[in-house]
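J.: Okay, here's the structure, questions in a sec.
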Amino acid sequence: MKTSLLYLLALPAVYGAPTSNPPLRGSEVLLGYSASNTVSDQNTDDIPYVPVPGQTDTADLGAYLDFSDAESPQPMRGSTGGTDPGPRNENYDRINSDKLAPPGTDEGQTINAQWPMGLSHNRLGLNGSGWARQENEVVMPGATLMAGVDMRLEAGAYRELHWHVASEWSLVLNGSCRIETVNENGQTFVDDVSEGDVWFFPPGVPHSIQALDDGVEFLLIFDDGSFSEDNTFLATEVFAHQPKAVLAKNFDLPVAAFDDIPEDELYIFPGTPAPANISEQNVTGSAGILPQSQSYSYHFSEQPAHEAQGGSVKIVDSQTFPISDNTAAALVTVHPGGMREIHWHPTSDEWTFFISGQARATLFTAPSTATTFDYRPGDVGYFPQSNSHYIENTGDEDLVFLEVLQTDQFSDVSLGQWIGSTPKQIVADTLHLPQSALDRLRTEKMYVVSGSTTEI
Ligand SMILES: *[C@@H]1O[C@H](CO)[C@@H](O)[C@H](O)[C@H]1NC(C)=O
Ligand SMILES: *[C@@H]1O[C@H](CO)[C@@H](O)[C@H](O)[C@H]1NC(C)=O
Ligand SMILES: *[C@@H]1O[C@H](CO)[C@@H](O)[C@H](O)[C@H]1NC(C)=O
Ligand SMILES: *[C@@H]1O[C@H](CO)[C@@H](O)[C@H](O)[C@H]1NC(C)=O
C-alpha cells in the first residue's frame with residue numbers, strides 16, 4: 001500500500017517535469033568526509049557594526065542598550081557574546097535589546113514574563129463593531145493566576161450580555177461606555193464610565209457593556225490564568241440551547257415570541273445608541289438598586305495621583321472599592337530616567353499592562369535565575385508572587401503601566417526600604433557596602449525613584 005502510493009505520487013514528476021529537475025532526495029555519496037566536499041570560504045567574522053552607548057561597558061553594569069537606530073544590533077555586551085550573521089528578525093532585536101544582549105546579571109531561565117497583545121489572535125466583531133485580543137495561559141504558560149483581554153467597541157456597539165465563572169476587573173483605556181448588571185438579589189446597577197475608570201463584576205453576575213458615542217477601549221483582568229473570552233455564558237447561547245417549549249413556560253409567553261432569537265452568538269455587535277439620559281435605562285424591581293457601598297464601578301479617573309520621587313502612583317483596592325475584594329491595582333507613572341523601585345508582592349502574582357512609553361524589568365526568581373524583558377505599549381507582563389522586579393523607564397517620555405494583584409489590599413515589599421531599615425552592621429556584613437553607601441540608605445518606601453542621584 002505504502003509503495004504503491006509513493007509510486008502514484010512520483011508519476012507526475014516523471015512524466016511532467018523537465019529532466020533537469022533534481023530528485024527530492026540526494027544520494028549516499030554525500031555522507032561524511034570526502035576530499036571533494038566544498039567548504040565555505042565566506043568570512044562571517046567581519047560583520048560591520050557600531051556598538052551603541054553602554055554596549056562596551058562591563059556586562060554586569062547592564063545599562064539599557066538602545067538599538068532602535070543601531071546600524072546593525074549585535075548580541076554583545078562588554079567582553080561577552082559575538083556577532084550574529086543570521087538568520088534573524090532585526091525588528092525583534094531592536095525592541096528587545098535585553099534579550100539580544102542581556103545584562104551579565106541575567107542567569108538561567110525564568111518563566112516568560114512578557115506577552116505583546118500584538119501577537120494575540122484578534123477576534124473581530126460583527127459589522128465593524130469592534131474586536132478583542134486576549135492573553136491567557138495558552139500564550140503565557142507561567143501566568144496562572146490571571147488572564148487579560150484588550151477590547152474595543154465602536155460607538156453604540158455591545159459586548160453581548162453575559163456572565164462567567166471568573167471575576168472581572170476592568171480599566172477603561174479610551175472613550176466611555178455604559179455598564180449594567182443585575183445581581184443575585186435582583187438589585188440593579190447602571191453607570192457610565194470613562195477613560196481611567198474601573199469596574200468589577202463578581203463571579204457569575206451577568207452584565208452588559210455598550211460603548212457610548214465616542215466608542216470605548218478597555219482592559220479586562222480575570223482571576224484565572226486559563227480564562228478564555230471564547231468561553232463565556234452568553235445571553236444568545238443560553239436562549240438558543242433551551243427547548244422553545246421551556247422558554248415559553250419560563251417566561252409565560254407564546255412559543256412564537258422566540259421565533260427570531262439568534263441561532264449563533266453575537267459577542268461584539270452594533271447596537272441602537274444608548275440614550276444620553278442614563279436614568280432612562282434605570283430598571284428597578286422590588287429589590288431596588290445596588291447600594292452605593294457595593295457599587296460595581298469606581299471613578300478612578302477622578303482620583304488624584306500620589307506624587308513619588310520619579311513619578312506618581314494611584315492605588316485602588318477594597319479599602320475604597322469594597323466590591324473588588326479579590327483584585328487590587330496600582331496605576332504607575334514613571335518620568336524619563338525614573339524607575340518603579342525593586343520590589344515584590346508578598347500576597348499575589350502581578351499581572352502588568354503597559355499603557356504608554358517603554359520599559360524594561362528584570363524578573364528575579366529564587367535561588368538565582370533572572371531574565372530582563374523589554375516592554376512596549378500593549379504588552380502584558382507577569383511577575384509571580386514574591387519574585388522581585390523593577391520597572392525602568394527606558395524611553396524619553398512618561399511610562400504609564402498598570403499593576404494588578406489578586407488580593408483585597410494592594411501591598412509590596414520595597415528592597416530599598418528593607419535594606420535601609422535593617423541594622424547597618426548586618427547590611428555591611430552581608431553585602432560589603434562601604435560606609436558612604438550605608439549612610440545614604442533610605443528607610444522609606446519610594447515606589448518610584450528618579451534616578452537623578454545615580455553616579456555610575
Ligand atoms: C450587519 O451587516 C449585515 C450585512 O451588511 C446586515 O445584513 C446586518 O443587518 C447588519 N447587522 C447589524 C446589527 O447592523
Ligand atoms: C483615545 O483615542 C483617540 C482616537 O484615536 C486618541 O486621539 C487619544 O489619544 C486616545 N487616548 C488615549 C489616552 O490613548
Ligand atoms: C435609579 O433609580 C433609583 C430609584 O429607584 C435612584 O435611587 C437612582 O439614583 C437611579 N439611578 C439613575 C442612574 O438614574
Ligand atoms: C432622564 O430620564 C428620567 C427617567 O426617564 C426623567 O425622569 C428625567 O426627567 C430625564 N432627565 C432629563 C434631563 O431629561
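FYI, residue positions are counted from 1 along the chain as it appears here.
Placed from the backbone N, Cα and C atoms, the Cβ positions cover glycine too.
TrEMBL annotations: computationally assigned, not manually curated.
This is the feature table in TrEMBL:
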{"type": "ACT_SITE", "residues": "GLU403", "note": "active site, proton donor"}
{"type": "BINDING", "residues": "HIS162, HIS164, GLU168, HIS207", "note": "Mn(2+) 1 binding site"}
{"type": "BINDING", "residues": "HIS343, HIS345, GLU350, HIS389", "note": "Mn(2+) 2 binding site"}
{"type": "DOMAIN", "residues": "124-259", "note": "domain 'Cupin type-1'"}
{"type": "DOMAIN", "residues": "298-439", "note": "domain 'Cupin type-1'"}
{"type": "REGION", "residues": "68-111", "note": "region 'Disordered'"}
{"type": "SIGNAL", "residues": "1-16", "note": "signal peptide"}
J.: Just how many other Cβ atoms lie inside 10 Å of the Cβ on HIS164 (Mn(2+) 1 binding site)?
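T.: There are 21 such Cβ atoms around HIS164 (Mn(2+) 1 binding site).
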J.: Can you tell me how many other Cβ atoms are located within 10 Å of the Cβ belonging to HIS345 (Mn(2+) 2 binding site)?
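T.: Looking across every protein chain shown, the total is 23.
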J.: Cβ-Cβ under 8 Å from HIS162 (Mn(2+) 1 binding site), same chain, 6 or more residues apart: which ones?
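T.: Sequence-distant Cβ neighbours: PRO206, HIS207, SER208, THR232, PHE233, LEU234, ALA235.
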J.: Using Cα-Cα distances with a 10 Å cut-off, which of the binding-site residues GLU168, HIS343, HIS389 are near GLU403 (active site, proton donor)?
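T.: Of everything listed, nothing lies within 10 Å of GLU403 (active site, proton donor) (Cα to Cα).
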J.: Which whole number is the mean pLDDT over the domain 'Cupin type-1' (124-259)?
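T.: Averaging the confidence scores along the domain 'Cupin type-1' (124-259) gives 97.
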J.: Can you see whether DSSP assigns GLU168 (Mn(2+) 1 binding site) to helix, strand or coil?
T.: strand
J.: Name them in sequence order: residues not among HIS162, HIS164, GLU168, HIS207 whose Cβ is within 8 Å of the mean position of the Cβ atoms defining the Mn(2+) 1 site.
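T.: Surrounding the site, in chain order, are TRP163, PHE201, VAL205, PRO206, THR232, PHE233.
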J.: According to DSSP, how is the domain 'Cupin type-1' (124-259) divided among helix, strand and coil residues?
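T.: DSSP composition of the domain 'Cupin type-1' (124-259): 24 helix, 64 strand, 48 coil.
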J.: Expressed to the nearest Å, what is the distance separating GLU350 (Mn(2+) 2 binding site) and GLU168 (Mn(2+) 1 binding site) at their Cα atoms?
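T.: Rounded to a whole number, the Cα-Cα distance is 15 Å.
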J.: Taking DSSP three-state, what's the residue listed as 'active site, proton donor' in: helix, strand or coil?
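T.: The residue listed as 'active site, proton donor' sits in a strand per DSSP.
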J.: Using the CB centroid of HIS343, HIS345, GLU350, HIS389 as the Mn(2+) 2 site centre, which other residues of the same chain sit with their CB within 8 A?
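T.: So the additional residues around the site are TRP344, PHE383, ASN387, SER388, GLU403, ASP412.
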J.: Of all the binding-site residues given, HIS207, HIS343, which residue's CB has the most CB neighbours within 10 A?
T.: HIS343
J.: Check the Cα-Cα distances from HIS164 (Mn(2+) 1 binding site) to the binding-site residues HIS343, HIS345, HIS389 and tell me which is shortest.
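T.: With Cα distances computed to HIS164 (Mn(2+) 1 binding site), the winner among HIS343, HIS345, HIS389 is HIS345.
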J.: Spatially, which candidate from the binding-site residues HIS343, HIS345, HIS389 is nearest to GLU168 (Mn(2+) 1 binding site), comparing Cα atoms?
T.: HIS345
